[in-house]
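Before any comments, here is the structure.
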Amino acid sequence: MGSVRTNRYSIVSSEEDGMKLATMAVANGFGNGKSKVHTRQQCRSRFVKKDGHCNVQFINVGEKGQRYLADIFTTCVDIRWRWMLVIFCLAFVLSWLFFGCVFWLIALLHGDLDTSKVSKACVSEVNSFTAAFLFSIETQTTIGYGFRCVTDECPIAVFMVVFQSIVGCIIDAFIIGAVMAKMAKPKKRNETLVFSHNAVIAMRDGKLCLMWRVGNLRKSHLVEAHVRAQLLKSRITSEGEYIPLDQIDINVGFDSGIDRIFLVSPITIVHEIDEDSPLYDLSKQDIDNADFEIVVILEGMVEATAMTTQCRSSYLANEILWGHRYEPVLFEEKHYYKVDYSRFHKTYEVPNTPLCSARDLAEKKYILSNANSFCYENEVALTSKEEEEDSENGVPESTSTDSPPGIDLHNQASVPLEPRPLRRESEI
């Protein structure tokens, strides 16, 4: 009993090398226009990697450093931890050095560095730069060993003590806030949200559907989880404009609300290939020769922090298996449901899947087989349940030819045998 709904993680397929001659439609750029333009283009590079990172590099950005410094807090949150640690240490060390220099200059101008002078010092026991640096550390960290202290001899020294205390509080608040914000980022939550290696196209409820599977490895829920998908493909407009990366939304039930999912067990997300789908005119052969990328997105709020997280992956055309379904992963036990993640990425072939496009199927150009074959998913689920019941009842497998009680051996041939469906192994 597989999951009832239809929507990360995949093996990165090898990219084709070299250049190829592609035929692009001028009308809409998806192979169903009348006018054809032959152009030589390079095989598509993955826009979104399988781990969710975008394969994009920014170049020639004007005033990049100034723009990043203007938003220093976000910059500190986004940088790596090693640089965050460097900024953390430098912020304190530089502030201690700055105020240490200030107190050393105050002592120098007041003549406190002259040990022969008997007048009252601005800061007692500060007669060198090292002593001034230690006094700066003691002031900002409120250590207060008791040997060095400011006096009322110099108002400027009193002001600098107050000013350093305020600056120290600001640095503490900024650094601690940035560290906490970085720790609370739900970025690592994506590691426990997985997409299937491949997407599949198969019949569901009499219609061709594009499907992919998503799962949550944690027991903590993803609140308000919902899915989105986009098809990325280059095309040429009717005016001759070349769009290298055209983004087309793929409907996964936004209008009906089924894009919002309850992600407790793995769920199969379904896109019905109808007349509004960008895959409506594509057959199996077209998919095999196509050059596009489907980006899938899962969004939701982390239950522990209530922060929004986004998990991404993508499927190239050669990662879409036509005529396959996912093996079931959800099984009903006696008092609970069991999820077997060893089957999460596995698929099996459905022989009766039409090879034509959804348009041809809707226009009755392809006759569906009426053969009522027992579904492999149900067979796996029922077999698992029967084996569990047999193990609980302690019924051993009998190899004896003894007949059951109450049945005559001469009339045994008239007793109908229990129909057992033939098991077909999964072809992955």
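Here the Cβ of each residue, glycine as well, is placed from N, Cα and C on the backbone.
Features of the protein shown, as given by Swiss-Prot:
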TOPO_DOM  1-81  topological domain 'Cytoplasmic'
MOD_RES   CYS76  S-nitrosocysteine
TRANSMEM  82-106  transmembrane segment
TOPO_DOM  107-128  topological domain 'Extracellular'
INTRAMEM  129-140  intramembrane segment
INTRAMEM  141-147  intramembrane segment
MOTIF     142-147  motif 'Selectivity filter'
TOPO_DOM  148-156  topological domain 'Extracellular'
TRANSMEM  157-178  transmembrane segment
TOPO_DOM  179-428  topological domain 'Cytoplasmic'
REGION    181-208  region 'Polyphosphoinositide (PIP2)-binding'
REGION    383-428  region 'Disordered'
Give residue numbers and ranges for long-range contacts of the region 'Polyphosphoinositide (PIP2)-binding' (181-208): same chain, 6 or more residues beyond its ends, CB-CB under 8 A.
6, 8-11, 50, 52, 73, 76-77, 81, 84, 214-218, 222, 270, 272-274, 279, 284, 287, 294, 296, 298, 302, 305, 307-311, 313, 315, 319-326, 344-345, 347, 350, 352-354, 358, 361, 368
So, by DSSP, how many helix, strand and coil residues make up the region 'Polyphosphoinositide (PIP2)-binding' (181-208)?
11 helix, 11 strand, 6 coil
Restricting to the same chain and to residues at least six past its boundaries, which positions have a Cβ under 8 Å from a Cβ of the topological domain 'Extracellular' (148-156)?
106, 110, 120-126, 131, 134-135, 138
Hey, which bits of the same chain come close to the topological domain 'Extracellular' (107-128), Cβ under 8 Å, at least six residues off its ends?
135, 147-151, 153-154, 156-157
